[in-house]
Structure formats: C-alpha cells, structure tokens
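Report on the following structure.
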Amino acid sequence: MVHFTAEEKAIITSLWAKVNVEETGGEALGRLLVVYPWTQRFFDNFGNLSSASAIMGNPKVKAHGKKVLSSLGEAVTHMDDLKDAFAHLSRLHCDELHVDPENFRVTPGKRAVIVLAHHFGREFTPQVQAAWKKLMSAVAIAMGHKYH
C-alpha cells in the first residue's frame, strides 16, 4: 500500500479540482493510442484510428477518455484505499478484457501526467509532478491487484 502525505494529498486534490475531465481525458487516451499503437487492439470498436488526427478527433476516444479520467477521480477521493476502490476495474481488465497488467504501469499514467503538465504549465511544478506520478504508480498497482 502506498502512503500519501497530507501535503501530497493537498497537491493532488487541489489540481484535480481544476481538471477539465472531458478535455483532458480525451487527450490523454488519444495520446496513449498514438504513442502506443498496440493498445488500439483494445478499442477495435472505436472506428477510425488510422492516424493521429483521426484518433484525436474520434468522439469514442474522447468519450472513453472522459470515462477513464473520471475513474481517476475515484483515485483522488480514495487515495488511502486504492486497492478496494479499483477492485472492480482490476477484475474487469483481468478477467474480461485480458489487458496485460504491464500496460497499467507503462502507459496510461505517464500520458495523464504529460497531459496535466501541458494543461497546467508553470502550475505543474516538480512537487506537483512527483505527487501525481506517485498517484499514477499507486493506481497501476491497484489495477494490477487481481492479476496476482
């Protein structure tokens, strides 16, 4: 279990309160699909994913990105119990979607941190980045929990 300090929790919740989930979620998932094209196989029902511009403009990518980033809101509100907060999603990705748990560590969290940094600019200080990277790592661990 990952422990968050009061300062880290404050940093994370303060920034999260300013996040435009719809815009940021779509951008983060779009970047994931562009940078890691093998992940597109999990989204074969999304239609045209043939180019970066097609992906970034795809309404299904945007909608699912919003859904994914909304689940990150669960992480923000349940930092002290991520394993239980993500138990259902972990089971879904393990038992039904068969997503390799390595994908949780390598891909989505990094894209989200990059997109947050892009959107918040100077406000995304090294301390903010460190807190968010810690949260993303903890979410990856929670998402991979049912695989063990």
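Heads up, residue numbers simply count up from 1 along the chain you see.
Using N, Cα and C of the backbone, Cβ positions are placed for all residues, glycine too.
Summarising the annotation, Swiss-Prot assigns heme b binding site to His64, His93 and lists sequence analysis as the type of evidence. Here Swiss-Prot flags 3-148 as domain 'Globin', drawing on sequence analysis.
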Report task. Could you please provide the mean pLDDT value for the domain 'Globin' (3-148)? Result -> 85
Query raised in the report: How many other Cβ atoms sit within 10 Å of the Cβ of His64 (heme b binding site)?
Result: 18
Query raised in the report: Does DSSP give His64 (heme b binding site) helix, strand or coil?
Result: helix
Query raised in the report: Could you give the number of helix, strand and coil residues in the domain 'Globin' (3-148) as assigned by DSSP?
Result: 120 helix, 0 strand, 26 coil
